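> First the structure, then my questions, so here it is.
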Amino acid sequence: MMQIVLQLFDMSGVVRHLSLSRSTLSSMVSVVSMHYHNIPYHNFNHAAHVVHGAFMLLQTPVAKLVLSMEEHAAVLVAALCHDLDHDGHSNSYHMHMQSELARLYNDISVMENHHCAMTFEVLRRPDCALFAHLGADAQRRVRKVIIQTIQCTDMTHHFRMTQDFCSHSLEFDPSSESDRLLLAKAILHGADIGNAARPVAVNDIMSTRVHREFELLAEEEERLGIPVTFSIESENKLMCAQMEVNFLDYIVMPLWEKLHEVLCVPVAMRNLRANREKYAALQEQLVDDQPGDELAEG
């Protein structure tokens with residue numbers, strides 16, 4: 001996975017254009033990988049998937065036209081680090097437990113603020129200081145994009161950000177900082193929730209991991225007597241299929257349909273529709289296979 005991430009950075013053009021040190025980049029990716037934990041979903045594998053998703057969106061002609069190479073690099077770093085040091089717990093969990101992180105960030109985007117802070121802790125290391133050779137103004141611009149895009153991955157911001165993005169015209173002005181930031185946020189958030197933009201077999205694996213992580217979290221929350229973030233039974237195929245259809249219909253598709261209108265990503269849209277059809281068909285089949293009331297009573 002580390003080699004894939006390094007290749008994506010290289011293929012994006014940011015290494016050459018910004019004269020990034022390959023040894024520093026390699027060290028940074030290695031250190032980042034060590035700060036992801038062995039949990040079912042929010043691990044380094046997910047981070048690499050999001051880097052790839054962001055890379056694919058950034059390679060579109062519109063993204064290349066609108067976003068600077070500094071912003072391309074910032075989005076890729078944000079994609080790599082957007083769940084850095086994730087512990088498998090939700091913001092709700094941390095707030096109800098009044099964890100050290102919740103107290104530190106005053107219950108506001110607890111994990112996302114932590115991911116940002118960890119990102120810059122890594123980038124401060126001499127062997128990981130990827131942007132140290134850039135001027136102070138450039139470093140501030142990169143930092144701003146990293147922070148704002150990572151914070152946008154907090155799902156509490158999803159509907160507001162999606163509304164802002166969907167209400168924007170199809171034209172994004174390269175001279176407008178607000179336009180560039182909105183597009184950068186949409187690209188990273190879309191990549192983060194975009195497992196279904198991949199082939200069905202890949203999405204199946206990632207969905208199973210999401211379900212299992214939420215199930216483990218729910219079990220812990222129930223033991224602790226705090227509100228359950230999301231109730232899911234990973235062995236209940238009907239419940240999982242229903243969750244996937246609802247997630248695609250109400251969360252993923254509105255954002256990705258607009259991304260397609262702006263950036264033109266037909267392969268991703270075909271995959272999204274194929275995954276939606278697969279889960280809808282599975283849901284229908286499982287409902288049909290359930291015993292009727294008479295049989296159940298007997």
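Glycine too: its Cβ is placed from the backbone N, Cα and C atoms.
The shown structure was predicted, so the numbers you read here are calculated from the model rather than taken from an experiment.
The domain 'PDEase' feature in TrEMBL is assigned to 1-286. Annotated active site, proton donor per TrEMBL: His42, in sequence order. The Zn(2+) 1 binding site feature in TrEMBL is assigned to His46, His82, Asp83, Asp192. The feature Zn(2+) 2 binding site is assigned by TrEMBL to Asp83.
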> If you measure from the Cα of His42 (active site, proton donor), which of the binding-site residues His82, Asp83, Asp192 is the nearest?
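The answer is Asp83.
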> Sort out for me which one of Asp83, Asp192 has the most neighbouring CB atoms within 10 A, since those are the binding-site residues we care about.
Asp83
> Around the Zn(2+) 1 site formed by His46, His82, Asp83, Asp192, which additional residues qualify by having Cβ within 8 Å of the site's Cβ center?
His42, Ala47, Val50, Ala79, His86, Thr153
> Could you tell me the mean pLDDT over the domain 'PDEase' (1-286), as a whole number?
97
> Can you check which residue among the recorded positions His42, His46, His82 has the largest number of Cβ atoms within 10 Å of its own?
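When each Cβ's neighbours within 10 Å are tallied, His82 leads.
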